[in-house]
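Scroll down for the structure; my scribbles are underneath it.
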């Protein structure tokens, strides 16, 4: 009778050890606050996210109604143009002729 009882207690001891060791790192599937505070994975962003934030978009601008103008390619990023007005001013400086764009770039359309 004592043999069966000892075997039964050993079973509970093993299960208790497994719960005790896994409880420190995860509770309900989530990392513990102490682990996440010291883990660099949660604090830093990956290189892929940093490069996608800094990556500029290539955009081609045309003159409206000018079929012979091939367009001009700009790299648009938040670092280069802080506002939409700054983009319009730079496009006016680049594209303007007094004949074709007498009042500068005022609107941008998509194709």
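Cβ atoms are placed via backbone N, Cα and C, with glycine included.
Automated prediction, rather than curation, is the source of TrEMBL annotations.
Per TrEMBL, the features are:
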COMPBIAS  1-19  compositional bias 'Basic and acidic residues'
DOMAIN    57-111  domain 'Doublecortin'
REGION    1-34  region 'Disordered'
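Note on the domain 'Doublecortin' (57-111): DSSP counts are 12 helix, 10 strand, 33 coil.
Per-residue pLDDT, averaged along the domain 'Doublecortin' (57-111), amounts to 86 for this model.
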